[in-house]
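Let me begin by presenting the structure, written as structure tokens, before commenting on it.
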Amino acid sequence: MTIKRMLLASIAIACVTAPVSASAETADKKIALSNNYAGNSWRQAMLTSWDKITKDAVSQGIVAAADPFTTAENQATEQAAQIQNLILQGYDAIVINAASPTALNGAVKEACDAGIVVVSFDGIVTEPCAWRIAVDFKAMGESQIEYLAEKMPDGGNLLEIRGLAGVSVDDEIHAGIQAGVEKHPQFKIAGSVNGDWAQDVAQRAVAGILPSLPEIKAVVTQGGDGYGAAQAFAAADRPIPTIVMGNREDELRWWKEQKDANGYETMSVSIAPGVSTLAFWVAQQILDGQDVKKELVVPFLRIDQDNLEANLETTEAGGVANVEYSLEDAQKVIDAAM
Amino acid sequence: MTALTAKPWVWSFAAAILVWVITVLFTGGSSSVGLSQATLTFAAFSVIVGIGQMFVITLGPGNIDLSVPATMTLSGTLALKVMDVQDSMIALGLLIAILVGVAIGIGNYALIKLLRIPPIIATLSMSFIVQSCAIWTNRGLRIKPPETLSDFTTSYSFGVPNVALVALVLSLAAWFLLEKTTYGRWISAIGQSSFAARMAGIPVDGTRFITYVLCAVLAAVAGYLLASFSGGAALNMGAEYLLMSIAVVVIGGTAVAGGNSNVPGIWGASLFMFLVVSMLNTYGFGAGVRLILTGLIIIAVILAAGGRRVAR
């Protein structure tokens, strides 16, 4: 009990004394990553990037610690409890990939009230006291239709593969695709399935609807589902349409094979898992006393016909095309928002 | 005819055929071959995990295996890593998958028996351990299956998908085990009354142990096939199959309270589960409506099957 009390006391002292030295130095600051899910290759790449960049930062003495924490069950309640623990453990900043945009607001507010900097990314939180590094998912959806409109001016039937029903990212990308189709009415969404951002689920859903569909000119996707769609088309002996890919290595490799064999053309778009490292640097900059806008935008990572090979080379076999951000990149993003 | 409608599995087949007809009508019949082949392919995976779950559920109230998805993921991940795209390693990969299943089954029953943890908690905690092992093994990187294996799982013999033939062989073996062997009688007896079974001299612990191992092995084999079929193992590849494995058992007419199960129903239910989603997708329902309708249709089928049993 006394030890616990001493610990709490020392944390309290640390909290009280911290703001005094905050203006230029972050060497004694501790940053935590609160992550809601680790069960797919994108999240694994995200954690690996975090590990790589923050280990360097810690060994160079830029920050004192940068510990990642992942919840087991992808539940907002569990993550809220985790954030409360992180508050008690005396972290100076918490970087969050949130299970829900709204359900964590209470816990986030508690953290803010305790003087902790909260930066959310990818899965952002709406609580006004937190910073948000958002991706313009709607633009990501719309860019797919823009690309197709340029490539096939006559238009045609589209198959849309959506993500996980009920998740805000899915709604936003879908809204972008719909906006694109309204602008280019020569395209018609002939069928829509949920692929849950997973190859095998997408393959299963596409195989089920494909026999009932007319000729499909292109498949618009949300990432992680392109290769499964390609396999379903091949299994049904249908001509392969233009499938928009989502930066996974197997998708890119398949695209490369098709490109070499018959000049297949498409594009690939997703967010780089390394966005976690951008969030880390933004948190570090805020702790350093920099003036940072609450709303930041991170560009999505797009791969086209001409830079396919270059991206394929730098992507780990079986992984996801990735970019890790440096302190300078973060400063650029911060300045761009000013 | 009365003999036929008295069989609990008839309803799942009737529902599957009805849904198939409605789906095919959308295109005026031209999609019948394509849809049938796709249905058989994807139903095969549900059948394999469903049979394992069925044996466990037959053991009586409280018996369930929640480690099915994690087992599929770990066996797929490990097997593909060991095979490393070489055709000569296919048999070894299958052996690894089976061993993974055996190990997880032993682990599950050890938690249940030695630590006296209820199966639902024991298998859930086991699934966390197993899933973490899968993450740790390969950190979510996808390794391609060997060429021959991937060709086998994605092609057809006499117009029937090979994976469906594998599922058929496993189903026949399961049916034989359930209906024609002492072991099959034992699990039904335990499910009806484990106390009476013990008094009758049935080795209750041994039988339950074998059943949990059998379920894990079937899940592992399904994971091995699914990973080879879909071009690599993914960390979330088993997620779909937790509720699926339980749903096909229940819709297939197996008593949830245990003691009474049947293999044909698993097939009817697996075909039905794939077709329902395909039908609703085909008619262009949004995700929300689709989920509600799926739920309602499942309730209707279970009521139809259950209602007959009461009337009898």
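Note that Cβ sites are derived from N, Cα and C of the backbone, with glycine treated the same way.
As written in TrEMBL, here are the features:
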TRANSMEM  B:6-26  transmembrane segment
TRANSMEM  B:38-60  transmembrane segment
TRANSMEM  B:90-111  transmembrane segment
TRANSMEM  B:117-137  transmembrane segment
TRANSMEM  B:158-178  transmembrane segment
TRANSMEM  B:209-229  transmembrane segment
TRANSMEM  B:241-259  transmembrane segment
TRANSMEM  B:265-284  transmembrane segment
TRANSMEM  B:291-311  transmembrane segment
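Outside the transmembrane segment (B:90-111) by six or more residues, the chain places 65, 67, 70-71, 74-76, 78-80, 82-83, 117, 119, 122-123, 125-126, 129-130, 146, 148-149, 208-209, 212-221, 223-224 with a CB less than 8 A from a CB of the stretch.
Remote same-chain residues near the transmembrane segment (B:265-284) are listed as 8-13, 15-16, 19-20, 22-23, 26, 35, 38-40, 42-44, 46-47, 50-51, 54, 171, 244, 247-254, 290, 293-294, 297-298, 301 (criterion: CB distance under 8 Å, separation of at least six residues from the stretch ends). Under 8 Å from some Cβ of the transmembrane segment (B:241-259) lie the Cβ atoms of residues 7-9, 11-12, 15, 45-47, 49-50, 52-54, 57-61, 63-66, 68-69, 72, 188-193, 219, 222, 265-270, 272-273, 298, 301-302, 305, all in the same chain and six or more residues away from its ends.
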